[in-house]
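What follows is a short report on a single structure.
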Amino acid sequence: MKFTLTWRCFALFLLLHQPTPVNPASSNDTHPTVEPEPFLYVIGRKKLMDAQYKCYDRMEQLPPYQGEGPYCNRTWDGWMCWDDTPAGVLGFQYCPDYFPDFDPTEKVTKYCDETGVWFKHPGNNQTWSNYTMCNAFTPEKLQNAYVLYYLAIVGHSLSIFTLVISLGIFKCFRSLGCQRVTLHKNMFLTYILNSMIIIIHLVEVVPNGELVRRDPVSCKVLHFFHQYMMSCNYFWMLCEGIYLHTLIVVAVFAKQQHLRWYYLLGWGFPLVPTTIHAITRAIYFNDNCWMSVETHLLYIIHGPVMAALVVNFFFLLNIVRVLVTKMRETLEAESHMYLKAVKATMILVPLLGIQFVVFPWRPSNKILGKIYDYLMHSLIHFQGFFVATIYCFCNNEVQTTVKRQWVQFKIQWNQRWGRRPAHRSVSRTAASAEEGGIPVYIYHQEPRNDPAHSLGEEGAEIIPLNIIEQESSA
């Protein structure tokens, strides 16, 4: 199962600017007047020759036509094979994939007239099949391509924005610091870098047909880093699963682990399949800018990614089993805390891996296919946003810490720049904050007899509410 939806969107947008012309007035026995990029043209020609060989073999194996009345003989039209067709019938097949801008969901038609003769184009009086819809970029297709293009840009831009905020939160609030947050920050960084690379590719490479034709090394280097960062995304998620599994199942709630092995797995291991893919791609499928997805070499990268997703999912299932057992036996609060962390990871594993499972079953219906495309592009391009939302913004500990800091800031701001609140106001603020479960600090200032210092801040201090409550009870 190929992780190819993103690159198909890129290729479609590029090819909208450089379609392979199919002249309705020309015979299908000739190749397009303007060739696609050289390497893909060679691949397409091999596919064409293979289809021709299979067609002639099929025509020899099929029995003679058994119908009544005139009919058109089986034939090879130069691009596709056509069986015996009754007179007056319009035959059709799906477009071939010889050329990168041909849409396999569109149809080729060939008409057998009433006399049993294949239709001939009036321009040159040669047998003609209608391939015009294969690369006919209608306004609807153009609009769809632009929508997917800008959806990708918006998704990755939003991902970068939310991930940077999340990193800032984890950096500023040291009380959130722990080993698992360190894993979060590394995973966030991979998504930020990956989104930046994709945006560069979308803005600088995809619309630039001349750059793709020149095929500079920098274009392929950019693709290499995209594949590397994409792999890092999933292997850092595997690190999250391994960490929780070791913490809960293996080490029995051990507090510290050696993170160097996680760095090696998250940053180091993805280099292996990515480097192997780059070498084999350069040798066996060296297309321009490595934009084509019509190669099984992509499994070199996507195979380990899929394996990481499967292993991670089984890790998390085992973690849930252990936690449920412990909660039934001991009702430990710590188990509940870890279970929340596991739930967040379990949500992300199928969410971020769904394209590997669902992609092969794209509906053939145009409307359903379009819905599928929008859904899959949303899941793929907004991955960073989902990661930041689930791991940071929806995290109860993060929310509590931010709320606590905000309440402290407002109280200190009011005391420094605003009027001193009455005792009733302070008590009401403390009570409302305490009801929300937020540890609150109040501003306490000893009264002074010296009018000159009545508005000063000397002698003021921030006193936790629990200290005041202890003194009151005493």
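Positions of Cβ are set from backbone N, Cα and C atoms, glycine also.
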Open item on the list: Looking only at the topology recorded in Swiss-Prot, are I43 and I367 found on one side of the membrane?
Closed with: yes
TODO: With C95 as one half of a disulfide in Swiss-Prot, pick the other half from C55, C72, C134, C172.
DONE: C134
Task: Local confidence of the prediction over the topological domain 'Extracellular' (281-296), expressed as mean pLDDT - done: 87
- [ ] Round to the nearest Å and give the CA-to-CA distance linking C95 (disulfide bond) with N125 (N-linked glycosylation site).
- [x] 23
Open item on the list: Which one is it, among the recorded positions N73, N130, C134, that lies nearest to C112 (disulfide bond) by Cα separation?
Closed with: N73
Open item on the list: If you compare CA-to-CA distances from N130 (N-linked glycosylation site) to each of the disulfide-bonded residues C55, C72, C219, C289, which comes out shortest?
Closed with: C72
TODO: Could you pull out which residues elsewhere in the chain have a CB under 8 Å from any CB of the topological domain 'Cytoplasmic' (170-181), counting only those six or more residues past its ends?
DONE: 240, 243-244, 256-257, 259, 341, 392, 397-398, 401-402, 405
TODO: Whole-number Å only: compute the distance from the Cα of C134 (disulfide bond) to the Cα of C219 (disulfide bond).
DONE: 28
Task: C72 (disulfide bond) versus recorded positions C55, C81, N125, C219, C289 - nearest by Cα - done: C81
Open item on the list: Distance check, please: Cα of N125 (N-linked glycosylation site) against Cα of C219 (disulfide bond), rounded to an integer number of angstrom.
Closed with: 45
